Each structure stands twice: as structure tokens, then as C-alpha cells.
Amino acid sequence: MRAESGYSVLQIRQAEQRALAQGRALMPLAGAAAAGFIAARFPVGSVVLALAGPGNNGGDALVAAARLLAAGYTVRVTMPRGPQALPPDAARAYAGWRAQGGAEQSNLPSDPPDVVIDGLFGIGLNRPLDATWQTLVDAVNAWNRPVLALDVPSGVDADSGRVLGRALRARWTLSFIGAARGLCAPGPGREAAGELHLDTLGVALA
């Protein structure tokens with residue numbers, strides 16, 4: 001699959017696993033890239049809301065949240081499922097967030113932020129959002145605030161570009177390692193993604 005057409009989820013996962021097997025720590029790099037993306041577009045002191053889901057996409061958002069908090073941003077974290085079942089790398093990211101003095105809540109804040117980081121679901125999502133997640137996505141969309149999606153907007157099937165329910169509408173999508181093919185072809189997934197950006201994290205796709 002040519003880069004212009006995007007890569008399959010399997011191709012991206014295989015490249016990720018090769019890098020991890022070589023001892024590469026990718027989550028700190030992804031989180032730093034997301035934080036840098038926000039910092040380049042919003043002044044210090046801006047209110048950032050990081051939506052952290054139950055997987056490693058949520059871990060990327062937590063790393064970004066910790067870095068932005070340390071840089072002087074007002075950062076809020078919403079974790080609808082809490083930290084209890086996070087995978088190991090994301091659990092370390094959560095510990096880093098707490099060590100930075102951060103706290104989290106399960107619900108959205110009452111006041112809309114200046115910008116939202118979407119770390120709810122990444123390229124692994126292949127089923128419709130359940131009612132709880134869909135309600136959250138709809139509420140964020142209703143704010144009409146700029147959203148940075150990490151890897152893929154939550155609610156989009158990264159392989160097909162289908163929207164699984166109603167997707168979070170991003171102004172920007174920052175893909176890591178490679179852009180998923182569901183974001184590169186015309187369709188609802190591409191429309192939800194907004195402006196596409198890529199950080200390879202130094203990982204080569206075969």
C-alpha cells in the first residue's frame with residue numbers, strides 16, 4: 001500500500017510491534033508530538049481537555065496532558081472508564097500524569113475548553129460506539145471547539161473509513177507511524193479527520 005493511499009491497520013501494528021521489540025518507547029514520543037502540536041497553535045495558559053480512553057490511545061493523550069500541564073497550560077483530563085484497566089504503557093502514562101500533579105474525572109467538564117485532545121479510541125476500533133461513548137462524542141461535537149484526534153477520530157474505522165455511529169469531528173488528526181488508509185480515501189472517515197498530519201516517530205513501514 002503506497003503512503004499516499006494510507007496503510008492498513010495490520011501494517012501499522014506490525015511496524016509498531018517491530019519497534020517495540022527493539023526496545024523503542026513509542027508512547028512518550030507520540031504524547032510529546034501531540035503536546036508540541038497543541039503548543040504550536042495555542043498560547044500557554046489555554047485550557048486543554050484530554051479525553052483518555054481505555055487503551056494506548058488514551059496513554060498518548062495522558063502523556064500529552066502531563067507535558068502541557070508542565071508547560072503552563074490549564075489541563076483537564078476526562079477518563080470515562082478510569083485508570084483501573086489500562087494496559088501497561090498507558091498505566092505508566094497515567095502515573096506520569098498524576099506525578100505531574102494532574103487529576104481526572106469521569107465526566108466532561110461543564111465549561112468547554114479551548115481545545116480538545118481526542119485519545120478515546122485509536123486505529124483498533126472496529127465496532128460501533130456504545131451509548132455511553134456516543135453520548136460523550138456527541139457532547140464534545142456540540143461544543144464546536146477545535147479537536148486534535150490522535151491516530152484517528154474516535155468513531156472511525158481506520159481501515160475502511162466508515163463511521164461507526166457518529167464520529168468525533170476533528171479539526172486536525174495527527175497520525176503516528178503511518179496514516180491509516182481509512183483517512184486517506186474520500187468518505188466519512190476522511191471528512192471527520194479534518195487536516196491530516198503525520199509523525200512517524202522514527203518508525204519505518206516496510
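Every residue number used here counts from 1 along the chain in the order it is shown.
Here the Cβ of each residue, glycine as well, is placed from N, Cα and C on the backbone.
Annotated features, as they stand in Swiss-Prot:
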type	residues	note
DOMAIN	12-206	domain 'YjeF N-terminal'
BINDING	Asn56, Asn57, Gly58, Gly59, Asp60, Gly122, Ile123, Gly124, Leu125, Asn126, Arg127, Pro128, Asp151	(6S)-NADPHX binding site
BINDING	Asn57, Asp118, Ser154	K(+) binding site
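Projection of Swiss-Prot feature records onto the structure.
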residue : record                   : contacts (Cβ under 8 Å, 6+ apart)
Asn56   : (6S)-NADPHX binding site : Met27, Pro87, Asp89, Ala90, Gly122
Asn57   : K(+) binding site        : Gly119, Leu120, Phe121, Gly122, Leu150, Asp151
Gly58   : (6S)-NADPHX binding site : Leu51, Ala52, Met79, Leu86, Ala90, Ala93, Gly119, Leu120
Asp60   : (6S)-NADPHX binding site : Met27, Ala30, Gly31, Ala34, Ala93, Gly119, Gly122, Leu150, Asp151, Phe176
Asp118  : K(+) binding site        : Leu51, Ala61, Val140, Val147, Leu148, Ala149, Leu150, Pro153, Ser154, Leu168, Ala170
Ile123  : (6S)-NADPHX binding site : Val9, Ile12, Arg13, Asp151, Val152, Ala158, Ala180
Leu125  : (6S)-NADPHX binding site : Val152, Ser154, Gly155, Val156, Asp157, Ala158, Leu164
Arg127  : (6S)-NADPHX binding site : Leu164
Conformational class of Ser154 (K(+) binding site) under the three-state DSSP mapping: coil
So for Asp151 ((6S)-NADPHX binding site), how many other CB atoms are inside 10 Å of its CB? 29
Counting across all protein chains, other CB atoms within 10 angstroms of the CB of Ser154 (K(+) binding site) number 29
Residues within 8 Å of the Asn57, Asp118, Ser154 Cβ centre (excluding the K(+) site residues themselves): Leu51, Gly53, Gly58, Ala61, Gly119, Leu120, Phe121, Gly122, Ala149, Leu150, Asp151, Val152, Pro153, Leu168
Please compute the mean pLDDT of the model over the domain 'YjeF N-terminal' (12-206). 96
